[in-house]
Amino acid sequence: MNSTPTHAKATHPAHAAPASADRWADLLSGRHLAIVLVMASGVLLYAMNLYFTAALMPSIAADIGGEQYYAWVTTGFVIAAIVASLFVSGALGWRGPARAYFIAFTAFALGGALIAASPTMELLILGRVVQGLGGGLLVGLGYAVIRAALPERHWARATGVVSAMWGLGTLFGPSLGGIFAQLGLWRWSYASLGLFALLFALIAGGAFSKVQSSGHRARVPVASLIPLIMAVVAISCSSLVPVGWQTLGLIGVGLVFFVLFVIVERREHDTVLPHLTYRRGNALKWVYLTVAALSAGVMVEIFIPLFGQRLAGLNPLYAGLLGAVLSLAWVVAQIFIVSVQSKSGRSRAMRIGPLLLTTGLLAYGLLQVTEAGAGMVLLWVGALTVAGVGIGLAWPLLG
């Protein structure tokens, strides 16, 4: 959203603290600990949920059917999360972070309950949408309230802790999801996440009790969101019709809605992307296109556990771990690339990254064979590693 976000105002002093307070021990103690715990847990729940679902989806589809809606389980979640993230500033301005977090965690828990109780894939997708609304708020709040709720001396460390949750989600999400799938308890995995969300909804009330709202509500770019969502829905629906002219027609409709989105964005005051994106000669549009391409590569992960089970006969745990290879490579590459300081080195990384992603995914696609053995699975791992390194090289530098 193009409007400048307004954060909640803290009632405690954020400056003039003794040097001894500028330590991890101070951040991870007392009320500061509760605040960091809530912020980090919200992002961790979202991140783990992504990998939970990728590892669990083959078992879910086998249990309740609806395999034709396989991609919609993630599409519904992501669309809802994107929409909800645009309401973060307004939620903070309404009643402050305590109420905003309560709503976010409760929505996430409700979505988990709907998923756990779903007898059909259609109802499960509805639960994912509700869960995505809560998840989008949780991720946005995790970064938006840092400056309002913590003293300035802790901003950098708190941001690091919250960002590290993506790595933890990558490490533990697939294995935990795979274990639940292996035991035939996929419903309990979502119920467990829901219970944790309810617990943190209660903790948030006390953690942010002294942080007040700003009273300002930023406007949501509704006019831009409508054609953008319609574009995603139309293109996603192309997977539900027979391959042919109907598929091409729905993709064409999606592209028309996307063009309409750009037209609306150029004219509106409140926008999804900065106004600078649409100015001629500005490179920001290419940055966003690169981000979109990298994001599309990441979304391949939701199908990898399914391919692992169907083509190589992997059990749910190993299939889930296979699905996490791309993200693990991404995280490792990202750790190394952020230390590169030279402009030329960063430029090369941003150019090489998309090429590696494309090469890795093409290789992975060409290596898909039935009755794949251990050697072929290792080749899959290698191809996915190359793709993941490509994402990790470019992603952190695009900001």
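The backbone N, Cα and C atoms fix where each Cβ goes, glycine too.
Where the annotation comes from TrEMBL, it is an automatic prediction and has not been curated.
If you look up TrEMBL, you'll see 33-57, 69-88, 100-117, 123-146, 158-182, 188-208, 220-241, 247-265, 286-307, 319-340, 352-370, 376-398 marked as transmembrane segment. Taken from TrEMBL, the feature domain 'Major facilitator superfamily (MFS) profile' applies to 35-399.
Sequence-distant neighbours of the transmembrane segment (352-370) (same chain, 6+ residues past either end, Cβ-Cβ under 8 Å): 290, 293-294, 297, 300, 307, 311, 376, 379-380, 382-395. Across the domain 'Major facilitator superfamily (MFS) profile' (35-399), the prediction's mean pLDDT works out to 87.
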